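According to TrEMBL:
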type	residues	note
BINDING	B:32-39, B:78-81, B:138-141	GTP binding site
BINDING	B:Asn43, B:Thr46, B:Gly47	Mg(2+) binding site
DOMAIN	B:25-187	domain 'FeoB-type G'
TRANSMEM	B:306-324	transmembrane segment
TRANSMEM	B:369-391	transmembrane segment
TRANSMEM	B:460-479	transmembrane segment
TRANSMEM	B:485-506	transmembrane segment
TRANSMEM	B:542-564	transmembrane segment
TRANSMEM	B:584-602	transmembrane segment
TRANSMEM	B:645-665	transmembrane segment
TRANSMEM	B:677-700	transmembrane segment
Amino acid sequence: MKALTDAHVGEVVKVRKNTAQDSLKERLLALGLTNGADIEILRKGPKNNLTVYNIRGAMIALRGEEARLIEIY
Amino acid sequence: MGLTAQSVKIDAMKDVFDIVKTDSQHVIALAGNPNTGKSTVFNYLTGLKQHTGNWPGKTVVSARGEYSYNDEEYIVVDLPGSYSLFTSSKDEEVSRDFICYGDYEAIVVVADATCLERNLNLVFQISEITNKVILCINLIDEAKKKNIAIDKEGLERELNVPVVLTAARSGIGMDELKNLIEKITFNSEKRKPAIITYDDYIKSEINDILPHLEDLNISNIRWTALRLIDSNTDIFSINKEGHLTVSQAKKIKEELNINTDTIKLREMIAEHNYNYANELKQKYVTEDTKKIKRDKKIDDIITSKVLGLPIMLLLLGLVFWITIQGANIPSQMLARLLFGIQDKLSSLFVQWEVPMILHNILLDGIYRTLAWVVSVMLPPMAIFFPLFTFLEDLGYLPRIAFNLDHMFKKACAHGKQCLTMCMGFGCNAAGVIGCRIIDSPRERVIAILTNNFVPCNGRFPTIIVISSAFFAVYSNAYVNSLIPALFITLMVLFGIIVTLLVSYILSKTLLKGVPSTFTLELPPYRVPKIGRLLYTSIIDRTIFVLSRAVIIAAPAGAITWIFANIYVGDLSILSHVANFLDPIAKTIGLDGIILMAFIMGIPANEIVLPVLLMAYLSTGTLTDFESVDHLRTILINNGWTPLTALNVMLFSLLHWPCSTALWTIKKETGSIKWTLLSFFIPTAIAFAVCFITASLYRLIL
Ligand SMILES: Nc1nc2c(ncn2[C@@H]2O[C@H](COP(=O)(O)OP(=O)(O)OP(=O)(O)O)[C@@H](O)[C@H]2O)c(=O)[nH]1
Ligand SMILES: [Mg+2]
């Protein structure tokens, strides 16, 4: 099973399943992290934790803790 | 940055839900994703100066303004930005409640033309609630720059809502917007927005519920049915005519045995929305991907792993260096002007035979201090604030949050705390309110308690002035500002370190817990409009802070002068007070007068420097201000050493919050305990740090 954190900078991946819970899930859905969404990995931040993604045309930074909950194809 | 004439007024902090209006006024709501230009549209329509800035979460409290068009009066409500009606931070709740249950006659959804797909999600959600929607696609100038073209007619047809393309900052499309608002308000354009068609499963779920809602006198039964299956019943807690109540909702859920997996359904619904948004984007938006890469290139440097932090420090240092270097000559010119006026006034007073005592109080007491304050404080502020606003409008602040995130994470604090600190740079009270963007209560309190460690508008001038007076080297015109700039940068850095440490300690003791989840949007870089920027930062900020200093400093100056010149026994009252405070003050490397000035500064930090100067000037020989060098002489004559200067800066950085900030903390946390702690933690740290530096200084020298 691949998670969003496994993807490399420059790749475009497709969301398979969003396994976050409760309010985090709500927030990720609101940002457009729905099943089937295309996500481009733009850049990794200090300590490789915070990573910037292109989600639905916006630059969104997620920590590893959150990105790990997104399964990709 | 939140400190303006408006935001400090107490009622500006209240959210408007029940709009007070006359019968002839029409309420218009401004909603939309964060950072799409809602406040800019608001400002354009109403002529007010709601603060804007290039980062999501600038507005956290709704604001109200008015305008008239074709003899009709409109009330506009500027809402905090929200990504969706279902997310749960405090500022977003304000928007949700108003959008779902507010009494507006039209709602303008402001969308970002460069990110339409994401913005459409909220448009769909709002279209499900009301027919009175106008879609305002803003930032069309930015879209043009990136070669993004939007087929307005196509979208209008498909969504069946009126669409207007605008560039609010330059007023493009705003007349058309006003016109549409009028049409929607007076129903001369009747439309039924296209709504998402869901799949059979959701449809059948809704269809089961609809009949049960029909006799309940509910204004929007489809929306209500949807929320019954995808939300918990809290969403109905508003208790308003025409809407389902929580108890009704519970009853229906029980009767119909609705126990859908709400989050699952929400996910399905979000997927529908976004698929449709993507479809619309493919159909009606054309973009040139090459141009979009520009931001990426800048970010490669600004947020680079290696260079990000050094660049940040360098920028900060540069801003301070420009401030100090640039303030020098204007300061001298201002002083010459103001003290010239004093001489004229003085001879006039003599001519008019004004009593000597009045002459002394008015001129030597009040006027002289004010002249000093204006000369030393105005130029640095007039340079610093525009520079900072420039970085803010550019979109740099969220990048700082990005670069520092791993440290905040280590401190078990919220990643957005960094943004609230940037707000605190303007005004700590605004910073405290800004903490509403943090949705976890634990981390919100941490951010509130530590906000004071970033120096606000009121304290910055003191720190800048003292360091440029004391630590400049006068041998070389360019190097001389380097050391003060370095000192101030270190001060800010130290404030950040203290913030992190205190956050960490709080997380391990009173506010135990792990960092909660966090998503951060990095907005595209936008080139600021210099004219507007100068206007807001000089008129709104500089003049405002200065006038606050002057207004409070004038009476404080008069009182200080009187106390300095009324003798009880051998000593003036001022000396008595100073002598009383002296022993404590001395142990932390200050003197009684400095401590007194800080205490008198509780209502507003701006007046610490004025009171200090007044106290020194009214006792010692009276001198005119000629250059910053002069200030140094006065301070040295009053026994200042480099340690005193350092500790005044440190104390100013760390000490108790002003009364406005404390009052705001009480309001935001609703707790006496946190309010008291927010007073005692900084105070204790200020005393401790100054005690340590004083002891070290004595040890070494
Ligand atoms: N180029 C350009 N910039 C704009 C326009 N409208 C707004 N801006 C800039 O975009 C940034 C965000 O504007 P705001 O009005 O603060 O946005 P907001 O929607 O109120 O943001 P929140 O309060 O955070 O939800 C500011 O820096 C504005 O100067 C526009 O039409 N063109
Ligand atoms: Mg705003």
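The backbone N, Cα and C atoms fix where each Cβ goes, glycine too.
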Mg(2+) site shell beyond B:Asn43, B:Thr46, B:Gly47, criterion: Cβ within 8 Å of Cβ centroid:
B:Phe42, B:Tyr44, B:Leu45, B:Leu48, B:Lys49, B:Gln50, B:Gly65, B:Tyr67
Return only the integer: C-alpha distance in Å from B:Pro34 (GTP binding site) to B:Asn43 (Mg(2+) binding site).
16
CB contacts for B:Gly47 (Mg(2+) binding site) [other CB atoms within 10 A, all chains]:
10
Checking the binding-site residues B:Pro34, B:Thr36, B:Lys38, B:Gly47, B:Ile140: which ones have Cβ within under 6 Å of ligand 2?
B:Lys38
Nearest to B:Ile140 (GTP binding site) by Cα, among B:Asn43, B:Thr46, B:Gly47 (binding-site residues)?
B:Asn43
For B:Gly32 (GTP binding site), which residues in the same chain are close in space, meaning a Cβ under 8 Å from its Cβ, but six or more apart along the sequence?
B:Lys38, B:Gly81, B:Ser82, B:Val109, B:Val110, B:Ala111, B:Asn119, B:Leu122, B:Cys136
Taking Cα atoms as reference points, which of the binding-site residues B:Asn43, B:Thr46, B:Gly47 is nearest to B:Asn138 (GTP binding site)?
B:Asn43
In three-state terms from DSSP, label B:Pro80 (GTP binding site) for me.
coil
Please check each of the binding-site residues B:Asn43, B:Gly47, B:Asp78, B:Ile140 and report the ones with a CB atom less than 6 Å from an atom of ligand 1, ordered along the sequence.
none
Which of B:Pro34, B:Pro80 has the fewest nearby Cβ atoms, counting only those within 10 Å, among these binding-site residues?
B:Pro34
Are the transmembrane segment (B:369-391) and the transmembrane segment (B:542-564) close enough to be called in contact, which here means at least 3 C-beta pairs under 8 A that are separated by 6 or more residues?
yes
Taking the Cβ of B:Asp78 (GTP binding site) as reference, which residues of that chain separated by at least 6 in sequence fall under 8 Å from it?
B:Leu30, B:Lys38, B:Ser39, B:Phe42, B:Gln50, B:Thr59, B:Ser62, B:Ala63, B:Arg64, B:Gly65
Have a look around B:Asn138 (GTP binding site) and count the other CB atoms within 10 A of its CB, chains all included.
29
